[in-house]
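Residues or ranges marked as 4-aminobutanoate binding site in Swiss-Prot (evidence: similarity to another entry): 119, 182. For 191-205, the entry in Swiss-Prot reads disulfide bond. Marked as signal peptide by Swiss-Prot: 1-28. Under the heading topological domain 'Extracellular', Swiss-Prot lists 29-276, citing a curator's inference as support. Swiss-Prot lists 360-458 with the feature topological domain 'Cytoplasmic'.
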């Protein structure tokens, strides 16, 4: 049974409900609420759901607020551990490189340094948005919250991402879900070198990069602008002292490993060594040393000290040059073009020394002055002892000149050379007196003699220069033609 108090409670409640329904600005059940001017924040902005659009003041309708909400919506539920298109399609990463500086190149370590802007572009359906701007520049901090390619450099020994004053990274998001990710890198990459043609050698230093974990069934790489324009080198980007950058060749490779097949992007930078330094430092000194060694062929064969100095000095000089030429090279097990040149020059210098030894050995008994052989040609005539005089004469007369005889020291016949020849044109007998016996000897015929020139020297004066000239002609012609062929091959590629 309903009491009076309960009846009054129900009547009061019904009355309040009727009063609320009659008041303006209220809606009954089934009626739509009238939109007020300040209620726009509750609508979808750029695809935002009402739960991501909290109430804000009426004056906060600028782009910053709009894109803040866009980013909040995009990252809500985004899993950066999963690549775009997982399970549906292969993710394509487009790349291009702008080289700001190339070099230096280390021959001993067989590596080079390159500074680049490395750009990557890919599409992520999860990051599509609709807003007042088509391209949204983002801070580099957002890169850690989204999926990015796990690109690494296959032949990189050391890579540095620049962080001064902030990380040198750029991230842009297009409204269709395309991302551009750029970073500045300094890469120390390996450059295999074949030094057989050193210092006229040409090298192709590679730069290889690709995905570390994703096979070609998951992630593939391609060049953004094609093979001809995707790698660009700044005009003032060369930092090479000993090389010329001839050009670069862009390509793509597939490598196979135990974990699958991977796409590898390749760029080969072709370098040509500058030979000027080595011409001044090695080639010219070697050539001058060989020429100096051949000067000894024009010296008298009796000039033993002079010719010995020429030979020994030039051999030691070539030894020093050969050692110094190897200091700037890695310790390779094969001979380079410079090694062959130095070896041939060393052979010429050493041959010149051997030539002098040969000439000296076979001609040492036929030296110049014929007067030294006079004692063998003298006709000794023993005369009857002269009548003794009161005083034995201790002097003898040679062509009107009186010389004292030292009986204690001159026990043998003295050698008479051209310096003691008579100035008279006639041949006058010379009388040699002694206390007991008088000898009469005929003077040698006055014939002026000269130092004879060895036939070996005469032949060497012609053979050595001609052979050395032919060697230089063949040597330089071979490597100059090879350089032209290599440059033509690079242009075709």
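Each Cβ is built from the backbone N, Cα and C atoms, and glycine gets one as well.
Source: prediction; values computed, not measured.
Sequence features, as recorded in Swiss-Prot, placed on the structure.
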| residue | record | DSSP (3 states) |
| --- | --- | --- |
| 119 | 4-aminobutanoate binding site | strand |
| 182 | 4-aminobutanoate binding site | strand |
| 191 | disulfide bond | coil |
| 205 | disulfide bond | strand |
What is the interatomic distance between the Cα atoms of residue 182 (4-aminobutanoate binding site) and residue 205 (disulfide bond), given in whole Å? 23
Cα-Cα, residue 119 (4-aminobutanoate binding site) versus residue 205 (disulfide bond), nearest Å, comes out at 21
Among the disulfide-bonded residues 191, 205, which residue has its Cβ surrounded by the fewest other Cβ atoms within 10 Å? 191
Students should find that the Cβ of residue 119 (4-aminobutanoate binding site) has, within 10 Å, a number of other Cβ atoms equal to 17
What count of other C-beta atoms do you get within 10 angstroms of the C-beta of residue 182 (4-aminobutanoate binding site), across all chains shown? 17
Across the topological domain 'Extracellular' (29-276), what is the average pLDDT of the model, as a whole number? 86
